[in-house]
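Taking it in order: structure first as structure tokens, then the write-up.
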Amino acid sequence: MLGSPLMPTHLYPEPEPLISERPGRREPLVVKEHEDIVLTATLATPSVAAVTWLKDGVEIRRSKRHETASQGNSHTLTVRGAQVLDSAVCSCRVGAEGQDFPVQVEEVAARFCRPLEPVSGEVGSAVTLACELSPACAEVVWRCGSTQLRAGKRFQMVAEGPVRSLTVLGLRAEDAGEYVCESRDDRTSAQLTVSAILSAVPRVVKFTSGLSAVVAEEGREATFQCVVSPSDVAVVWFRDGAMLQPSEKFAISQSGASHSLTISSLVLEDAGQITAQAEGASSSAALRVREAPVLFRKKLEPQTVEERSSVTLEVELTRPWPELRWTRNAVALVPGKNVEIHAEGARHCLVLHNIGFADRGFFGCETPDDKTQAKLTVEMRQVRLVRGLQAVEAQEQGTATMEVQLSHADVEGSWTRDGLRLVQGPTCHLAVRGPTHTLTLSGLRPEDNGLVVFKAEGVHTSAQLVVTELPVSFSRPLQDVVTTEKEKVTLECELSRPNVDVRWLKVPLRPPPPNPVDGAELRAGKTVGIAAQGACRSLTIYRCEFTDQGVYVCDAHDAQSSASVKVQGRSIQIVRPLEDVEVMEKDGATFSCEVSHDEVPGQWFREGGKLRPSENVRIRQEGVRAGGCGGRGPARVLLYPTHAEQPLSPGRTYTLIYRRVLAEDAGEIKFVAENAESRAQLRVKELPVTLVRPLRDKIAMEKHRGVLECQVSRASAQVRWFKGSQELQPGPRYELVSDGLYRKLVISDVQPEDEDTYTCDAGDVKTSAQFFVEEQSITIVRGLQDVTVMEPAPAWFECETSIPSVRPPKWLLGKTVLQDGGNVGLEQEGTVHRLTLRRTCSTMTGPVHFTIGKSRSSARLVVSDIPVVLTRPLEPKMGRELQSVVLSCDFRPPPKAVQWYKDDTPLSPSEKFKMSLEGQMAELRILRLVPADAGVYRCQAGSAHSSTEVTVEAREVAVTEPLQDVEAMEEGRASFSCELSHEDEEVEWSLNGTPLYNDSFHEISHEGRRHSLVLKSVRRADVGTVRASSRKVSTSARLEVRAKPVVFLKALDDLSAEERSTLALECEVSDPEARVVWRKDGVQLGPSDKYDFLHTAGTRGLVVHDLSPEDAGLYTCHVGSEETRARVSVHDLHVGITKRLRTTEVLEGEGCSFECVLSHESASDPATWTVSGKTVGSSSRFEATRQGRKYMLVIREAALSDAGEVVFSVRGLTSKASLIVKGVQELGLVTQVGVGSPGLSPGVQELGSLAAEASGGAFGACFPRCSPAPLLEASGPGAPAGFWGSSGGGSGATL
């Protein structure tokens, strides 16, 4: 057998289970109708899992008819009073186990063993019709003629054992007729005769409560009610003389003496006279139908759009309406270039194009009965980068082009290079083509190198512009230098141009000529400084050493210059030698000595090894900083960092400090200063041994060497090694190594038995680690080969490895691990491994894998099937609607898979179709049959197939108890329930056509034949029709919601506003649909150009336009009995002059005009104009006009007497300007008259001569001597002091 229990098939046949029959073969349990069904399931093993009973896959819940019980391994389901609908496949499931029970309920014919007998009675009396039925539990239906009777106050239906009786109370003449009692299979009938009561006095029929006139809205319903005495009188309804019959539109009902007529879905044509007649008596009333208001079904919604784009604002009305009023900030909109208004039936839309920030605000839409408003927000457009800048490289004097593509056209951008803005010029061309911006630079120079940046409305992109230059040369080369040790040396040269980067190289001195390629590049640091100033380059060695000797090269890529540096030495001696030091481990130690010269570099050694400064070792030289690098010639600009430390000028004393001495630090300390040295001993007293680094787990390859290593605190520590608890001694396989602070255990020729825990014991401390052995790598030298067989022939696989394996390999068939035994044989002969599958089947087709160590080989096994034949075909089936049928057939040998078809359409497993394949039998269960499931079904297994026909018998469903109208308070609960003729009929609930589901607002339940709906927290918008619908029937009822009292959530606030501005009052109400009434000082306000009313959600607002003092007062908002108030005050308008008069110059006889603009209109305040001190109005020469805020004065045929000051006055505001009139005399002399100048002063002639000379003699005017007067007097704005002259060729002078 295969090793994995998850493999779906077996490699060889297994013995049959020890049960009498398989679940798929269980015979149906046949039960008579009305008997009890008892099903008992016994599980093979006890289980603590929950027990679940299913009917055709649907869970059965405990009820009056369904009882479940469990005792030990036995589980029982009892179904009381079996019905035909109980025919199904019942299943018991406990965890993963279960049993199926096909149940078939046979019908029992319901027959009448005693029929009905004719009866008679008088009007107002009671009669009883009775019959007997077998079996006694069968159900019956009572009818009068073709009308089904319902149990009520007048009709009482009783079932006692086999007896069925109908009692009719308060007989009426119309009750006479044939009465029928029907069962499912039989019927009986009898005649009822009603005779009138013989009385000498005829009865009096009258209306104790007559009809009342009704006014209702279009689309709603109207109800007429009356009360008639006596209560058994029949009432007939008429409209405009036409008799009304019960229908969906006209609902006629009676409750005792009360009669009612309900007309639903009213239209305007339903208006008329409604009359109720009862045995000669009648009552009439008028029905008036009011046209439904035009309301918004879909209101405006706030929107946010991007500038320069388009937006559509859409509304939907409750009924079509030809034209709406669209507004923005309370201003009406009309179609234009950027405004479109469309209407299509009940849908209207406003389309705005090329949106700008000025278009933002509140947009409204109005019908004669309703308004809606929403805010339009305009955001700055988001320009995105589609294609950014790319780096460009160009030759000097060449041309470079850079391009950017944006997401929008018509975007203004800017170009910069290294932060400097680029503008259009001879060498810079900027172009824009739609969303593409282009920069073209011509005549490039090296200084054009840099970062080019493009910016536009939040978009930023950059790229590097690289301009390659011409070759460089040396105008002044380097010079050779000879210097003394510790001296400063500077090498200088000069290039042909300044903008060149150079490298400094050092080449050792050697007999052949130095090669710069062999040199080492120098960089600025503590000992070397590199500087550049203009075209000069310099290299400074702060303190020369012997190692600084060599040839120095300045490499400018295209050219090189070199010079040699030679250093002469000096003799150094030790003045104060080192002294021996002895300290305790981890304490500090200090060594000091003194040399004969300053500026001597020293080195420290321990046991011949050079010491360097570290966290533990500090080296100090007592001295001062060397002076600056100095230099000859002008100051230089350094190309490399100059803030690095200058090299020390060491003093005579040198100190070595150990901050924390360790045992291994003990030894000889040596100080060397050039050719002088001094030695001393450092002795350290040791501390106890500690572990610095413990052992770590180790993995070693089999037959290789394994090493375990740890580190102790001192090199002289002694350790012992243990394997488990056994101490290890040096030998052929174990090597114990001590290497300084490290202790190692080396295991040679590692074997699997070497796996264990190893311990290193250093006395007071020890460390342990795990040692693992990994199997030696094995390779496959001959892999598996593909095999093809026909079931049940055996199959063999063989492969060969490089070496014999100690551990067994792993064989897999697909993903299943194979184990030796039964149908599987595993063998190994040296390096050859074999797999034998003794009996194969087609389900084994797949890959075979051989795995040993890290090596793997695969091959494919193909097992062909034995042809399948049909041994038992499908049988025709007939079932009732909502029952289930089972189709089954047998094949040989057992097929691996089958496909089911319905009318040549492939079927797949679902809630409707349950498919199973057990051995030779294929089965299809069709659950909850519907008429559409009828047809031809086919089962296909390979080339074998079988077909049969399934017939479905439809059933009749009726509403036995319809829904009733419900009236509820707003935010309260409303409950609806109905009853159908069948328990398993599914019902869907809807409110005004909208489907309802179980959630936090709706509670839907189903118990037996009764279906219930609970609406939680109803709203006024829920008013309408509640409908319960199944696939075949439906019932509906009316839901009415009484409104809750409306209150103000936010009251009005007192406000103060400026005259001629706009005022907005706002409050909030608890009901978003509530209508409010606005009043001012008790007078109701209506829509007009003065007032706008806002209605948005729970907010109510009043907008008052063009405020005047009369608008001040008390404003109130009313809703129901609630009221909120606000006191509004209006203060005077602050008017100012935004555009003042300007000085005007005109020729005598010509016309001119003056203009003044105010900040606000001031129609009620008169304006006055004065010219040269005289008040003027509209006349033949003067015309004063006003257009809104603009005031104008037009002067025709200006005269010299008009010259002077022009003054405009209104509301206490004044603006002044000068009017200059030029006159021409017979001699051609030009006379100029200024403001307030009746004559010219004696000095004017001289002034005019001076002005003429200054203008090149073009003045050409003489001035008569007149009485003394100031040349020019100016007052008011626009009259500059000391000016006298004209522009454009006239005569004049300037003071």
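Each Cβ is built from the backbone N, Cα and C atoms, and glycine gets one as well.
Heads up, TrEMBL stuff is auto-annotated, nobody curated it.
Small disclaimer: the values here were computed from a predicted structure and weren't measured.
Taken from TrEMBL as is:
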type: REGION; residues: 1-21; note: region 'Disordered'
type: DOMAIN; residues: 17-94; note: domain 'Ig-like'
type: DOMAIN; residues: 102-195; note: domain 'Ig-like'
type: DOMAIN; residues: 202-288; note: domain 'Ig-like'
type: DOMAIN; residues: 293-377; note: domain 'Ig-like'
type: DOMAIN; residues: 471-566; note: domain 'Ig-like'
type: DOMAIN; residues: 688-779; note: domain 'Ig-like'
type: DOMAIN; residues: 867-951; note: domain 'Ig-like'
type: DOMAIN; residues: 1045-1129; note: domain 'Ig-like'
Worksheet item: Which numbers of helix, strand and coil residues does DSSP report for the domain 'Ig-like' (102-195)?
Response: 3 helix, 54 strand, 37 coil
Practice prompt. Find the average pLDDT over the domain 'Ig-like' (202-288) in the predicted model and report it.
Written response: 88
Worksheet entry | the domain 'Ig-like' (202-288), counted residue by residue under DSSP: helix, strand, coil | 3 helix, 49 strand, 35 coil
Response to the item:
Checked against DSSP, the composition of the domain 'Ig-like' (293-377) is 3 helix, 45 strand, 37 coil
Worksheet entry | Leading contact stretch, 17-94, 102-195, 293-377, 1045-1129 vs the domain 'Ig-like' (867-951) - CB distance under 8 Å | 17-94
